[in-house]
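Trainee: Take this structure, written in structure tokens, and hold onto it; I'll ask about it next.
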Amino acid sequence: MRFFKSLLAAALSGAVAIAALTLPTQAHHSFAMFDGSQIKVFTGVVVRINPDANHLQIFFAPLDEERKAVLRNEAGEPVIWAVEMGGSAAVARDGISVNGFPPGTIFSTGLHPLRNGQPAGDRGSSGLFKCPEKTPPAAGMHCDSVEGSTAHGEGVMPQEGALAEEYNPDAQ
Amino acid sequence: MDLMAIAQGIEASGIATAIRDSIYAGPIINVFHVIGVVLVFGTISIVDLRLLGFPGNGRSLSLVTHDLLKWTWIGFAVAAVTGVLMFTANATTFYINTEFRLKLVALALAGINMFIYELITARHADLWDKDVPTPTAAKLAGALSLIFWVAVIFLGRWIGYTKGFNFDIPVELDLENLF
């Protein structure tokens, strides 16, 4: 019985320690894989969410400049990008979840692209805005300009291109 | 049977949503999964080593298994329940993850190895219970068990490093008729 108590105590203290370590919801790995000096801005349509405990990822089909159809590659296939952010529990507090962003949801955000050329990036400190259902923004605009859109988390829609200062999440 | 659709259904369930949306559920489930795995490997590896003759044959095999295997099963139950919960929260990503699939294969092989040992090899285990070298089949069972369980742990940990940006899941949304 004493053994059971010791086992339980060890298990509980382990659980509490890990929970405490995970409380700061910052990125758990280096940011070096992302190009913090660049930012790409998208308005796109959610195709899937990977609700990973460490980093939630939204896979999306970017809309064209007219905001009337999805971007396609030279072969005519839709282009798919992915944006990574905080852990699923952390961003759920901002309303970003599997249920809150079902396939077909139109949203806008910015991302620091991967350095390896994959079509994906980290949201960094960009704002994230959701358009009302089936209501894309006007040509060249983003969801933050659409009446009835919702902001999810902090930040504003950034400007596309090179940043004056490299993004460093540790300096936040 | 569309396994991806089943995975999507599991991921959309209430319990999956509750685990994902909780700051504490994920890490606590993960900790108990590790404790379960440690209990399984810690106890089964002592039995496996005894089958291999380490540190010797002086300790009764039936006593070693009697003392330890109940803890193996308790650990396995903890690991299985917590593993299912972790899978639930992110079923589609686990489903397409190669390392996750290989881990299930390694688990199945560990199970098959155990059944062959229990049903065939160990039928006359009383003949080599103590102070007698174990037969080759028993040594093989012990060695395979160690290999399969190390593989389970290795692949389990590897999952965490490979379920990054995965573009392999087919897009099911009709992108032609969005608006």
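In case you wondered, yes, glycine gets a Cβ from its N, Cα and C as well.
Nobody curates TrEMBL annotations by hand; they come from automatic prediction.
So TrEMBL has the following annotated:
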| type | residues | note |
| --- | --- | --- |
| SIGNAL | A:1-27 | signal peptide |
| REGION | A:144-172 | region 'Disordered' |
Trainee: Are there residues at least six beyond either end of the region 'Disordered' (A:144-172) with Cβ under 8 Å to its Cβ atoms? List them, or say none.
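Mentor: Residues 26-27, 31, 36-41, 91, 94-96, 100, 108-110, 112, 124-132, 135-138 contact the region 'Disordered' (A:144-172) from elsewhere in the chain.
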Trainee: Based on DSSP, tally up the residues of the region 'Disordered' (A:144-172) by helix, strand and coil.
Mentor: 5 helix, 4 strand, 20 coil
